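Working notes, structure below.
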Amino acid sequence: MAITIASLKKGQRGIIKEFSVDVVPLKLLEMGCLPGNEVALVQLAPFNDPLYLNINGSHLAIRRETACMIEIELI
Amino acid sequence: MAKHINVALIGNPNTGKTSVFNRLTGLNQKVGNYPGITVEKKQGTCKFGRACKVHILDLPGTYSLNASSLDENVVIELLLNKNDKDFPDVAVVVADVENLKRNLLLFTQIKDLGIPAILAINMSDRMKRKAISLDIPLLEEKLQTKIALISSRKNLGFDNLKELIENYNQLSTKPCMNASSISPEYFDRLRKAFPNQDLYKLWLVITQDVNFGKLDRNELKGVASFKTESVSNLKRLQQKETITRYQFINETLKQTLHIDTENAKDLRSRLDRVLTHKVWGYVIFFGILLLIFQAIFDWSAYPMDFIDSTFASLSEWTKNTMPVGDFTNLIAEGIIPGLGGIVIFIPQIAFLFLFISILEETGYMSRVVFLMDRVMRRFGLSGKSVVPLVAGTACAIPAIMATRNIENWKERLITILVTPFTTCSARLPVYLIIIALVIPDTRVLGIFSLQGLTLMFMYVLGFGAAIISAYLLDKVLKIRSKSFFVVEMPNYKLPLPKNVIITVIEKTKAFVFGAGKIILAISIILWVLASYGPGNFNNAEEIIQAQYASQNLSEEEIEMHIDSYKLEHSYIGHIGHAIEPAVRPLGYDWKIGIALVSSFAAREVFVGTLATIYSVGSDDEQTIKNRMAAEVNPVLGGPLFNFASGVSLLLFYAFAMQCMSTLAIVKRETNSWKWPMWQLFVMTAIAYVVALAAYQFLK
């Protein structure tokens with residue numbers, strides 16, 4: 001199984017890999033969620049969803065189902 | 001000759017754009033709507049010296065020029081339309097120094113449009129604490145612009161910004177990067193098809209059609225149909241554009257921005273650890289909710305009592321000082337109580353917006369969205385539905401407008417449909433008077449007042465109805481919309497008092513002049529309908545005199561009989577009798593029937609209507625209450641307002657859709673009559689059935 005943002009544990013970091021453009025909405029890219037950027041999991045909401053991320057200094061929250069679509073490489 | 005400059009303030013959400021606007025314009029601002037849509041249009045003026053007048057337009061916050069909502073679309077419509085009277089001579093792009101990378105994306109797009117643009121880097125007072133340093137001259141060169149380092153909090157750098165605005169014609173209009181490199185071949189074709197047009201403008205018009213829908217007002221006719229590429233190819237190109245822009249921004253910032261992470265102090269993570277904690281996060285949120293309700297229902301009682309008594313004595317005074325006649329009656333019994341019915345809501349609305357704007361200014365609201373999203377999703381809602389549902393306790397109208405930032409259409413629609421169930425402030429006076437009449441004034445366990453508990457139960461009932469119907473709608477509605485949710489988690493900030501105060505004033509004004517107009521109009525119409533009538537109405541005095549001639553009544557008693565005879569034979573009396581069969585099974589008489597019908601314009605007229613109908617001159621609740629308590633059920637005997645009919649009325653008001661303004665807003669926001677009609681009929685049907693069941697069971 002591929003490693004995605006959804007598999008990050010709190011405090012863990014990863015680098016966003018190329019993703020299939022049809023699944024990731026443009027808005028997410030605009031907010032800084034781009035291939036090559038570093039992503040860290042800051043906090044999980046209750047029931048582990050949504051995820052509070054720090055992507056290269058941009059702080060945003062996305063749902064688990066979206067996080068599952070973004071593959072990363074752990075660092 | 002005075003110089004006139006049109007300035008547009010543009011920027012991402014959470015960059016302090018509105019504080020910059022407030023700093024520049026002071027209270028010299030005007031809030032309206034863009035024609036035909038319910039997007040707020042904020043504009044203001046300020047003077048630079050004697051010779052230069054500046055008109056400033058505060059555009060809705062947006063992350064890019066690729067719009068996905070009505071608010072964002074406004075920005076693009078304006079920037080693409082040179083003929084618009086608000087078309088900016090210069091754009092001031094507001095950015096947050098801590099989020100410069102993301103904020104610059106929008107800036108590069110605006111530069112590509114060839115509009116002179118100033119970059120205003122806000123919150124510069126935080127640079128030292130966050131150990132951020134910027135090479136301004138180099139950044140200005142790379143971005144082909146002028147930069148103003150400002151701080152709206154500390155009021156720094158505004159003279160520099162004003163100077164830059166005044167000399168806007170010295171700014172470069174060259175783009176700072178080359179967007180057409182994402183597909184040279186496609187852009188070549190575009191250039192050949194429209195040789196005289198700006199390429200990036202063409203590209204925006206085409207992609208906007210893919211993103212959001214056709215642009216209404218632009219001079220580039222026929223461009224949108226120039227789709228030599230498939231939709232998914234165009235989307236791919238847009239993504240490529242975004243990535244290319246970020247590459248340029250990263251390159252630029254690498255040379256100009258330096259953050260010493262070692263020295264950066266981080267308040268955010270420490271606060272987040274508590275405020276988004278799995279347990280403490282909820283405890284704090286509910287604590288804040290309690291505080292808000294306490295303020296709305298307890299603290300605001302004092303100013304409300306004052307307003308109530310002031311209007312009652314004003315009405316009394318008018319009656320005593322002005323010459324006797326129809327005109328005096330219209331003012332004393334129609335207009336003054338009507339105005340009082342509007343003004344009385346101001347304390348509650350002001351308190352609610354005070355809290356909401358503080359929560360938004362501090363950045364806490366995003367944490368609430370984050371905490372509540374999973375829970376709300378079980379019911380087909382989104383974490384972002386929390387704001388409308390809380391705001392709904394003041395008024396459903398701003399609450400429904402606050403649903404705009406919910407990306408998923410199905411979640412947004414459900415939020416719009418269920419928000420009117422929450423107990424808005426207009427229901428409050430109805431609840432208060434009925435509870436006072438039918439619920440005994442005793443204490444439970446020695447401390448809790450039973451009447452207070454009943455009121456709280458009505459609020460819980462409203463939320464419950466909203467949540468349960470959301471759950472059912474989620475199961476019933478067959479709308480497939482791609483689920484997608486993203487929320488920015490801004491830095492924590494101390495709220496700026498000026499921003500908070502301006503928001504509170506604005507929202508209260510919107511209520512007074514929006515809803516107020518309807519309430520006042522209804523009060524006047526009701527007064528007219530109750531004061532005139534056909535046929536026997538005009539002979540009331542002779543008829544009553546003749547009828548009671550043998551009984552030797554005092555003048556006062558005769559007067560009372562005349563009044564009630566008149567009311568029964570007035571226009572409103574005829575209407576009331578016509579609808580009585582429909583409301584009789586719920587335990588109401590024709591007078592309550594009229595109050596119900598007039599409530600469909602706006603619920604808050606209920607008490608006023610009863611006041612008018614029971615011919616009580618003032619809106620003073622005690623007197624109305626006494627009259628209501630004395631009313632006798634014409635069929636069964638006994639008091640008309642007993643426990644059964646009281647509960648039935650409470651339930652009817654809890655569920656029924658009785659607000660024309662809400663229906664109008666829902667029509668605008670959903671762009672169809674289908675949903676407001678659905679609300680009107682389904683909610684009212686639920687109300688009727690529940691009230692019927694309650695009365696028949698309890699009587």
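A Cβ is built for glycine as well, from the same backbone N, Cα and C atoms used for every other residue.
According to TrEMBL, the feature domain 'FeoB-type G' maps to B:4-171.
Annotated GTP binding site per TrEMBL: B:11-18, B:36-40, B:58-61, B:122-125, in sequence order. Its Cβ taken as reference, B:Pro60 (GTP binding site) is surrounded by 22 other Cβ atoms within 10 Å in the chains shown. B:Pro60 (GTP binding site) falls outside any helix or strand according to DSSP and counts as coil.
B:Asn22 (Mg(2+) 1 binding site): 22 other CB atoms within 10 A of its CB, across all protein chains. Look at TrEMBL and you will find B:Asn22 tagged as Mg(2+) 1 binding site.
According to TrEMBL, the feature Mg(2+) 2 binding site maps to B:Thr25, B:Gly26. Counted within 10 Å of its Cβ, the other Cβ atoms near B:Gly26 (Mg(2+) 2 binding site) come to 12, all protein chains included. According to DSSP, B:Gly26 (Mg(2+) 2 binding site) sits in a coil region rather than a helix or strand.
The annotation transmembrane segment is assigned in TrEMBL to B:279-297 (among others). When Cβ-Cβ distances below 8 Å are used as the criterion, the transmembrane segment (B:279-297) is approached by residues 348, 351-352, 354-355, 359, 367-368, 371-372, 390, 393-394, 425, 455, 459 of the same chain, each at least six residues removed from its ends.
The feature transmembrane segment is assigned by TrEMBL to B:339-359 (among others). If you look at the transmembrane segment (B:339-359), the same-chain residues 6 or more away from its ends with a CB under 8 A from one of its CBs are 288, 291-292, 295-296, 299-300, 303-304, 307-308, 311-312, 315, 365, 368, 387, 390-391, 393-395, 425-426, 428-429, 495, 499-500, 503-504, 507-508, 511-512, 515-516, 519-520, 523, 604-605, 607-608, 619.
Only residues 6 or more beyond the boundaries of the transmembrane segment (B:379-401), in the same chain, are considered here, and those with a CB under 8 A from a CB of the stretch are 38, 289, 292-293, 296, 348-349, 352-353, 356, 365, 368-373, 408, 410-412, 414-416, 418-420, 422-426, 459, 463, 466-468, 470-471, 473-475, 485, 487, 507, 510-511, 514-515, 659, 661-662, 665-666, 669. Residues annotated as transmembrane segment in TrEMBL: B:379-401 (among others).
The transmembrane segment feature in TrEMBL is assigned to B:413-439 (among others).
Annotation source TrEMBL lists transmembrane segment at B:445-473 (among others). Outside the transmembrane segment (B:445-473), and at least 6 residues removed from its termini, the chain residues within Cβ reach (under 8 Å) are 293, 297, 378-381, 389, 392-393, 414-415, 417-419, 421-423, 427, 431-432, 435-436, 439, 650, 654-655.
What TrEMBL lists as transmembrane segment is B:510-530 (among others). Beyond the ends of the transmembrane segment (B:510-530), by six or more residues, the same chain brings 31, 329-330, 333-335, 337-339, 341-343, 345-346, 349, 395, 397-398, 426, 567, 570-573, 575, 598, 601-602, 604-605, 608-609, 612-613, 660-661 to within a C-beta distance below 8 angstroms of the stretch.
According to TrEMBL, the feature transmembrane segment maps to B:643-666 (among others). Listed by sequence, the residues of this chain that lie at least six past the ends of the transmembrane segment (B:643-666) yet keep a Cβ under 8 A from its Cβ atoms are 38, 396-397, 400-401, 416-417, 420-421, 423-424, 426-427, 430-431, 434-435, 437-439, 458, 461-462, 465, 514-515, 518, 586-588, 592, 596, 599-603, 606, 633, 675-676, 679-680, 683-684, 686-688, 690-692, 694-695, 698-699.
The annotation transmembrane segment is assigned in TrEMBL to B:678-698 (among others).
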DSSP-derived class (H/G/I helix, E/B strand, else coil) of B:Gly11 (GTP binding site): strand
Tertiary contacts of the transmembrane segment (B:413-439) (same chain, 6+ residues out, Cβ under 8 Å): 296, 344-345, 348-349, 352, 380-382, 384-385, 388-389, 392-396, 399-400, 403, 406, 450-451, 454-455, 458-459, 461-463, 465-467, 469-470, 473-474, 477, 479, 515, 599, 602-604, 606-607, 621, 624-625, 628-629, 641-643, 645-647, 649-650, 653-655, 657, 659, 662, 666, 669-670, 675, 678-679, 683
Cβ atoms near B:Lys17 (GTP binding site) (within 10 Å, other residues, all chains): 25
Candidates B:Gly11, B:Asn14, B:Lys17, B:Glu40 (binding-site residues) - the one closest to B:Thr25 (Mg(2+) 2 binding site) by CA: B:Lys17
Greatest C-beta neighbour count within 10 angstroms, which of the binding-site residues B:Glu40, B:Met123: B:Met123
Distance from B:Gly26 (Mg(2+) 2 binding site) back to B:Gly11 (GTP binding site), taken between C-alpha atoms, in Å: 19
Inter-residue C-alpha distance, B:Pro60 (GTP binding site) and B:Gly26 (Mg(2+) 2 binding site) (nearest angstrom): 19
Cβ neighbours of B:Asn14 (GTP binding site) where a neighbour is any other Cβ within 10 Å: 19
Least surrounded among the binding-site residues, given as B:Gly11, B:Thr25, when other CB atoms within 10 Å are counted: B:Thr25
Mean predicted confidence [pLDDT] for the domain 'FeoB-type G' (B:4-171): 88
